[in-house]
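Below: the structure, in structure tokens.
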Amino acid sequence: MNCSISGEVPEEPVVSKKSGLLYEKRLIERHISDYGKCPVTGEPLAMDDIVPIKTGKIVKPRPVQAASIPGMLGMFQIEWDGLMLSNFALEQQLHTARQELSHALYQHDAACRVIARLKKERDEARALLAQAERQIPMAASTATTVNVSSLSNGKRAAEDDEMGTGGKRIRPGISATIIAELTDCNAALSQQRKKRQIPSTLAPVEAVDRYTQLSSFPLHKTNKPGILSMDIYHSKDIIATGGVDTNAVVFDRPSGQILSTLGGHSKKVTSVKFVAEGEVVVTGSADKTVRLWQSSENGNYDCRQILKDHTAEVQAVTIHATNNYFVTASLDNTWCFYELSSGLCLTQVADSSGSEGYTSAAFHPDGLILGTGTSGALVKIWDVKSQASVARFDGHVGAVNAISFSENGYFLATAAQDGVKLWDLRKLRNFRSFTPYDEDTPTQSVEFDHSGSYLAIGGSDIRVYQVANVKSEWHCIKTFPDLSGTGKATCIKFGPDAKYLAVGSMDRNLRIFGLPGEDGGLES
């Protein structure tokens, strides 16, 4: 007996009272609920019209193919063939998917190369445009001032009048008014320092010990990598970097955005400094020039003046505490004292006692003392008022790459090929030396933080020491690896309250080390 709907032996047979036909229970119930009539005769049919039939357990007959061994082998062969065909189809689909993925990756790589080339062309076009904009007014000014006295460093003077005996330029010198201004600044800062205490917001030693890299920002070009100098303007938390790619970059750390790219130098930018509340940037370069960059309303920095008083690479720029004057030091064995507002070189000082060029320079916190490092491993201390050398420190090996005065004005740290030396300015002696690296690895940078509580050293890695006194031990509280892979950490600066450490290396990335979880800028 088979079901009148499916034609198979029913598992739960029922019969219709009206037609006497046999059905599978679940099938006829679904048909009645949908149509309300018999599926064969078409007569009206209700659930009450079907009667279940009690039967014994039904054993389904075995298929003919399974009734013999050859039949079963045939079934297995059919199953195996189907499985192999399915596997072949899947392999074909996988091969097609791999080809499509490879093509997509190639297109992505090609697009990235095109974007990089377009960005490079855009940057070069911007640099050419900026150079043309600077040359156009210069050409116009030259055309209107033919047969008139020339303009030098923003001051009009006849070329013949500027030259003295021996072909040297005559400088106006540091006037008594300026000396009085420097002296008053020195007295005020000295008085303030006596009352100054370490700020409560300064990062504690325990926090510095937990610093790690928070972010890395590719600020300079890839074809000429390397960050050689850095400065931080603390109140705005903006960072300026100078690179091998001839550009300086002004960078907003909290937002992680580049504010301005300062293009104009023809060789690497060796030194960069903020001045006048961050409105002016001073850069020194291996092209023998110093440039003053003025911020504009659109956020960019435009070249205001080009100073050409040196005859060799400018290695260092340092700003006086008044923010009205600055000093540049060069490999031509001279340093120049400038007035910021006019760009006029008031005096150019040469040391007749030696032929070494200057490789680093820094003002004392009170502003009446200037420290310089030479390529001949000497550290020279100058009286700014008289421009006389008042002290000389020797003992280093190799060029003095960096110098830094402590905030209290008592200590001077110098970095060279043989490591770092600490000098007591009260007794004019070396009281401690650090040799963190081997003799073939120079120390590139040394920097006290703004409070004078920490000292950072940069070379093949970065180390932070806790500042103590002359007799006490200066403990290394943290060592950061050089993540650039170049083995040269060229410049280091502490952020406000030492809440982070900015590091420049011989790749193009600026790295920020700080406490995880705190505001360390955007991750790149």
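Yeah, the Cβs are placed from backbone N, Cα and C, and that goes for glycine too.
Note: TrEMBL annotation is automatic and uncurated.
According to TrEMBL, the features are:
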{"type": "DOMAIN", "residues": "1-70", "note": "domain 'U-box'"}
{"type": "REPEAT", "residues": "262-294", "note": "repeat 'WD'"}
{"type": "REPEAT", "residues": "307-348", "note": "repeat 'WD'"}
{"type": "REPEAT", "residues": "351-392", "note": "repeat 'WD'"}
{"type": "REPEAT", "residues": "393-433", "note": "repeat 'WD'"}
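Residue counts for the repeat 'WD' (262-294) under DSSP, helix first, then strand, then coil, are 0 helix, 20 strand, 13 coil.
Per-residue confidence over the repeat 'WD' (307-348) averages out at a pLDDT of 92.
For the repeat 'WD' (393-433), the list of distant contacts is 190, 193, 359-366, 369, 371-381, 439, 442-452, 455, 457, 467, 470, 474: same-chain residues at least six beyond its ends, Cβ to Cβ under 8 Å. Counting residues per DSSP class in helix, strand and coil order gives 0 helix, 22 strand, 20 coil for the repeat 'WD' (351-392).
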